[in-house]
Amino acid sequence: MRALWIVAVLLLGVEGSLVEFETLIMKIAGRSGVWYYSSYGCYCGTGGQGWPQDASDRCCFEHDCCYAKLTGCDPITDVYTYRQEDGEIVCGGEDPCGTQICECDKAAAICFRDSMDTYNHKYWRFSLENCQGESQPC
């Protein structure tokens with residue numbers, strides 16, 4: 001619980017896409033990213049190594065890979081805009097970095113929604129000591 005409190009406090013001062021990512025997860029998956037995914041498996045949260053533990057952890061792995069492909073963008077602080085059209089999230093705006101970050105976040109939120117039935121509470125607050133070995137390539 002302490003770790004979640006720390007994450008929540010840190011997010012209060014964040015002006016960039018971390019807050020937007022949380023909002024997208026809530027809109028698309030209908031659950032809190034901070035609560036369910038800030039410390040899940042080997043890839044959800046800070047860091048990431050080893051192999052994803054399940055489909056939800058793979059969503060975070062793919063999200064990390066998506067961010068890694070961005071050049072000249074800061075997914076932690078860059079702000080983006082999106083809108084809803086007929087129930088769908090549409091990333092947009094004049095900033096190409098913001099649009100790319102939004103697309104990464106949107107894909108992860110959709111992945112979380114689609115893998116909800118495989119979410120396993122044993123991977124929540126999973127010790128990174130269990131995530132040894134080489135990471136899977138993107």
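Glycine too: its Cβ is placed from the backbone N, Cα and C atoms.
Taken straight from Swiss-Prot:
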- C42-C131: disulfide bond (DISULFID)
- C44-C60: disulfide bond (DISULFID)
- C59-C111: disulfide bond (DISULFID)
- C65-C138: disulfide bond (DISULFID)
- C66-C104: disulfide bond (DISULFID)
- C73-C97: disulfide bond (DISULFID)
- C91-C102: disulfide bond (DISULFID)
- Q84: pyrrolidone carboxylic acid (MOD_RES)
- 1-37: signal peptide (SIGNAL)
Problem - Residue pair C97 (disulfide bond), C104 (disulfide bond) - Cα distance, angstrom, rounded - result: 11
Practice task
Which residue among the disulfide-bonded residues C60, C97, C102 has the fewest other Cβ atoms within 10 Å of its Cβ, if you could check?
Solution key: C97
Handout entry: recorded positions near C138 (disulfide bond), in sequence order, restricted to C66, Q84, C102 and a 10 Å Cα cut-off
Key = C66
Problem - Those disulfide-bonded residues, out of C42, C102, C111, C131, that come within 10 angstroms of C60 (disulfide bond) at the Cα - result: C42, C111
Practice task
List the Cα distance (Å, whole number) between C111 (disulfide bond) and C102 (disulfide bond).
Solution key: 14
Exercise for the section: Could you check the disulfide-bonded residues C65, C66 and say which one's CB has the most other CB atoms within 10 Å? Expected result: C66
